[in-house]
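Undergrad: This is the feature table in TrEMBL:
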| type | residues | note |
| --- | --- | --- |
| ACT_SITE | 36 | active site, proton acceptor |
| ACT_SITE | 176 | active site, proton donor |
| BINDING | 9, 67, 147, 148, 149, 150, 178, 198, 199 | substrate binding site |
| BINDING | 34, 36, 67, 176 | divalent metal cation binding site |
């Protein structure tokens, strides 16, 4: 049975107080901290890079779950490894030709490799990465178009999650985009176990209550399936 992991998206935090925001999320029960790294090319937005990960790492031992929305993920492996990133999830759309080299390099730097796919990308595109002799260890199914927080959840993406869970029962399946109390049951029932939540956690009057609710939903559906 895969463990539920709740990963507040630090993109929704107060960037001027990143260390204290990270600490607050962990106190509220977060398992991971989700870090969105965007280059302004693969997606139009521009966010954080290795220097910010390095700064945050000095203040926390938490699992830093880095999602690379970048055109050339290979360029980021060494800097993020040095900075103290824990997970390195790249986009299949940016890595169709070099994912084998990428996965190998990510692992050599002590990070956990994951692959993500945009809403328009078929789930079959990630199968070779899961069935390789040196596989990725997580699949991130985007439930919004990557690039900006606060978008509306796309329930039709849950078919991808269901397909993955049936085919790979012990895989970490992460979902990101529009997750909160009103959408978590759709994701959890489809088989997602890693839940990224931004505005629904950071915008809540009681973030701990939201994190508990998200985890309970995953646990409840795991018990019934």
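Backbone N, Cα and C define each Cβ position, glycine as well.
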Undergrad: Beyond the listed site residues 34, 36, 67, 176, identify every same-chain residue whose Cβ lies within 8 Å of the center of their Cβ atoms for the divalent metal cation site.
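TA: After dropping the recorded site residues, what remains is 7, 9, 11, 35, 65, 66, 89, 140, 196.
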Undergrad: Roughly how many Å lie between the Cα atoms of residue 67 (divalent metal cation binding site) and residue 9 (substrate binding site), rounded to a whole value?
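TA: Their Cα atoms are separated by 10 Å.
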Undergrad: About how far apart, in whole Å, are the alpha carbons (Cα) of residue 34 (divalent metal cation binding site) and residue 178 (substrate binding site)?
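TA: Given the Cα positions, residue 34 (divalent metal cation binding site) is 14 Å from residue 178 (substrate binding site).
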Undergrad: Identify which of the binding-site residues 147, 149, 178 has its Cβ surrounded by the largest number of other Cβ atoms within 10 Å, counting every protein chain shown.
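TA: The largest 10 Å Cβ neighbour count belongs to 178.
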Undergrad: Measure between the Cα atoms of every pair in 9, 67, 147, 148, 149, 150, 178, 198, 199, the residues the record assigns to substrate, and report the largest value in Å, rounded to a whole number.
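TA: It comes out at 17 Å between the most distant Cα atoms.
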Undergrad: Which whole-number value in Å describes the distance between the Cα atoms of residue 178 (substrate binding site) and residue 36 (active site, proton acceptor)?
TA: 15
Undergrad: I'd like the number of other C-beta atoms within 10 A of the C-beta of residue 67 (divalent metal cation binding site), please.
TA: 27
Undergrad: Quick one, of the active-site residues 36, 176, which Cβ has the fewest other Cβ within 10 Å?
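TA: Fewest other Cβ atoms within 10 Å, among the active-site residues 36, 176, is found for 36.
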Undergrad: Residue 9 (substrate binding site) to the residue listed as 'active site, proton acceptor': how many Å between their Cα atoms?
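TA: A Cα-Cα distance of 7 Å.
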Undergrad: Identify, among the binding-site residues 9, 199, the residue whose Cβ has the fewest other Cβ atoms within 10 Å in this structure.
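TA: The binding-site residues 9, 199 were compared, and 199 has the fewest Cβ atoms within 10 Å.
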